[in-house]
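Over in Swiss-Prot, the protein carries these features:
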type: BINDING; residues: D14, H15, G16, K17, S18, T19, N131, K132, I133, D134; note: GTP binding site
type: DOMAIN; residues: 2-184; note: domain 'tr-type G'
Amino acid sequence: MKHIRNFSIIAHIDHGKSTLSDRIIQICGGLTEREMAAQVLDSMDLERERGITIKAQSVTLDYKAQDGQTYQLNFIDTPGHVDFSYEVSRSLAACEGALLVVDAGQGVEAQTLANCYTALDMNLEVVPVLNKIDLPAADPDRAAQEIEDIVGIDATDAVRCSAKTGVGVPEVLERLVRDIPGPAGDPEAPLQALIIDSWFDNYLGVVSLVRVKNGTMRKGDKIKVMSTGQTYNADRLGIFTPKRVDRDVLNCGEVGWLVCAIKDILGAPVGDTLTLARQPADKALPGFKKVKPQVYAGLFPISSDDYESFRDALGKLSLNDASLFYEPESSTALGFGFRCGFLGLLHMEIIQERLEREYDLELITTAPTVVYEVETTSKETIYVDSPSKLPPLNNIEELREPIAECHMLMPQEFLGNVITLCIEKRGVQTNMVYHGNQVALTYEIPMAEVVLDFFDRLKSTSRGYASLDYNFKRFQTSDMVRVDVLINNERVDALALITHRDNSQYRGRELVEKMKELIPRQQFDIAIQAAIGTHIIARATVKQLRKNVLAKCYGGDVSRKKKLLQKQKDGKKRMKQVGNVELPQEAFLAILHVGKDK
C-alpha cells in the first residue's frame, strides 16, 4: 500500500491538464505509441470538438521511480470549467493529493483558486506545477510569486515543466511520489468502497468507478449497496490504463471499475458506499454534498412520440452526470417534457448536445431561469424555478432573487471595463485586493445576470484575461416582474420570462421586436404583445398578406371598390377569429438572446 499514489490534476481552463496527463501516460507506458493521441483522456467527441474536458477520467499506471521502487499511480484528469466543479470535488474525494497546474504565462486564475481551496478543504497535499515554460510569454518566477501571494501555498521549488514538449515531466512524477502520501486504510477491515462515478453501458449495464478505502474487493464477491441494501454479484472488475483491463482483485487504496450487471439506473448512486454482503461494514463512508442546480430550463421533444425515449435518455445521462436534476413538466404550447436543473449555461448546452447526439433526439429548450424565493400573502415560502409557476402579482408579498458571489481575477489595465460591466449587471462591490499586477475583485451580482451572458461579456471586455468563479450566496428581496408574451391575445407560457422591473420595458420591447422578425406572415394580422400582469408594455404587429382585390376594377365607381375592400376585410376578420399561429423553433430560442446584443 505504501507504493500507491492517488492524485487528481486540477487547474484553470486551458492550463494544460489533459496534455500533462498525456505525457504521464506516455512516460509510464500506459499506451503504445500507436494508440497515443492528443488529449487521449477526452474520449467524448464533444470534448474533442470543443477542446475542453467535461468528464473526469481515471487512469492507473505503473511508474518506476529513481529510487528503484515501482509505484502504482492512480490519477484522475478533471475539468476546469466552473460548471463542472462538481466533477472536480468528487474526484478529489478519491485522492490523497492533487497536482495544481498553473500556466506560467497566464499566472493564477479564478478556477485555480477555487479548485485549490476545494482540495485544501479535503486535507489533500497540493503540489504546484508551473506548466508551459516553453512559451515565449512564460514568466515562471512571476507565476510562482502569484501562487504564494494569491493561493498561499509555498511555490519556491514548484516543478517547472512543459507538458507539450515533455520537459520536466519526469521531475513532476518524482515530486509526486515524494510529496503525496500513500493511502490510509486497513486491508483486513470489512470492505468499504466509494462510488466516484458511474455510467451506463448498453451491454454491461451500470459500470461504476470505485475507490477502495478499506478491505479488498474480489471478482465473484457478493456486493451490497449500503443506501439501498440490495446485493449484486461482482461480475467483472479492473482498472483503466486508459483502456479497460480486467483484474481479479482490487486492493485497498486502489481506484478501479466494477460491473455488477445492475440494470436499474438508480441501483448504485454516485457517492454511495459498497460493502460485502457476508461481512458488511458498520457505517457508510461520507458521500458528497449534493449540489443545487443554479439554472433551470424546460426541455421538450419536438415530436411527442419521442417522450418515452427522451425520459430513458435523461435517466441514463443523469446516472453519468450526478449534478443533473429533472422533473416532468407540461406546457400548453410545447406538450410534455422535463424541467431540468443545470449548474450553468455551458452545462446546459453540453447536456442538450449530448442528448441530441448520443440518443438521437430533437429537442426544444425554453429560456433558462434561476430559482426565486417567493413569500405569498398567506405567509408561505415557495421556490419558483419557472416563470409559469410564479403566483399572480396580487398574491406575492415579496419576491427574492438569488445573489451570487463572484470572484474575478484580472490584470490591472482591465479593471475599469470589468467594474463598468459589473455595475451594468446590478452588481455590488464587496472587496478588491491588488497582488502585483493582478487584481482580485469580489462582487455580489444577481444570479440571473451571471448565468445569462456575464461570462462571455467578461471575457470580451478583458480580451480573455479576466477569469471568474462564482457561488450562490443568499436570497435578497428584489423588484422582479414576470413579462408574458401574448400572441393574438393568447398567453404563450413557454415564452414568459422573469426580469427586473427596471429592465422590463427594454426587455419586453426587444423580445417583441425579435418575435416579429421570426413569425412568418399569415393571411391576417398577428398582434404580439408583452405584458406585466394586465399592463401591456410593448406591441408589434406582423402585417397580413393580402390580395389586391381592386386589380380587376378599371376606373369605375368608388362604391364598387369600397364593397370589394369591405368584403375582404370581413373575411380577414372571420379568419382571425379561427386562425392559429404556428411558432417556429427559432422563436423559442429568441428569448435566450434577449438582452445580449447591446
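Here the Cβ of each residue, glycine as well, is placed from N, Cα and C on the backbone.
This view paints the features noted in Swiss-Prot onto the structure.
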residue: D14; record: GTP binding site; Cβ neighbours (10 Å): 17
residue: G16; record: GTP binding site; Cβ neighbours (10 Å): 24
residue: S18; record: GTP binding site; Cβ neighbours (10 Å): 24
residue: N131; record: GTP binding site; Cβ neighbours (10 Å): 31
residue: I133; record: GTP binding site; Cβ neighbours (10 Å): 20
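In the three-state DSSP scheme, S18 (GTP binding site) is classed as helix. Secondary structure at N131 (GTP binding site), as computed by DSSP, is strand.
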